[in-house]
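As recorded in Swiss-Prot:
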- 15-23, 33-40, 63-67, 121-124, 151-153: GTP binding site (BINDING)
- 37-45: motif 'Effector region' (MOTIF)
- 76: (Microbial infection) O-(2-cholinephosphoryl)serine (MOD_RES)
- 174-201: region 'Disordered' (REGION)
- 200: S-geranylgeranyl cysteine (LIPID)
- 201: S-geranylgeranyl cysteine (LIPID)
């Protein structure tokens, strides 16, 4: 039976609590923005289907809790992930400094050579910005990973961040995705799915 998509990519949003991971996911998947902040407990996820280079790709995006007490829970979700969006808050120097720790968590728990994207969120707060774009870009370049500044509030680069991540994964996987099948429009499906597995059919 044709599942209606060519590839399934599992993505994880990681980073300190309060950097805006949930807002980025909601903006991308549902397109609302809320000023109210409720910390994620454990993990949450959404499904988003996109079109990329003529392929229908289902993104299973996991939003993880940034608090240290949840790290044991969330680290178990690292296995089988195809890509990580490592998020910090451009107005919070500590959240940027902790990026190295999050990258170590990826190295410890995820597959080797997994795709990563450094994301500086809350770029709309220009007067409160403390992490310079150039500094973050140079750090990302030194790791050989892409970097974007985003704003969940005004949607700047939000879609581009997830599309960049999907494109990087697809490029690393190379040709071989099955062609054909349905071509659904952008849609959200909150049906729970097994966290393991995925990849191109």
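These residue numbers are counts, starting from 1, taken along the chain as shown.
Placement of Cβ uses the backbone N, Cα and C atoms for every residue, glycine included.
Here the features listed in Swiss-Prot are placed on the structure.
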residue : record                                              : Cβ neighbours (10 Å)
15      : GTP binding site                                    : 25
19      : GTP binding site                                    : 28
23      : GTP binding site                                    : 23
76      : (Microbial infection) O-(2-cholinephosphoryl)serine : 12
123     : GTP binding site                                    : 21
153     : GTP binding site                                    : 18
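Confidence over the motif 'Effector region' (37-45), given as mean pLDDT on the 0 to 100 scale, stands at 55. The shortest Cα-Cα distance between residue 76 ((Microbial infection) O-(2-cholinephosphoryl)serine) and any of the binding-site residues 15, 23, 123, 153 is the one to 15.
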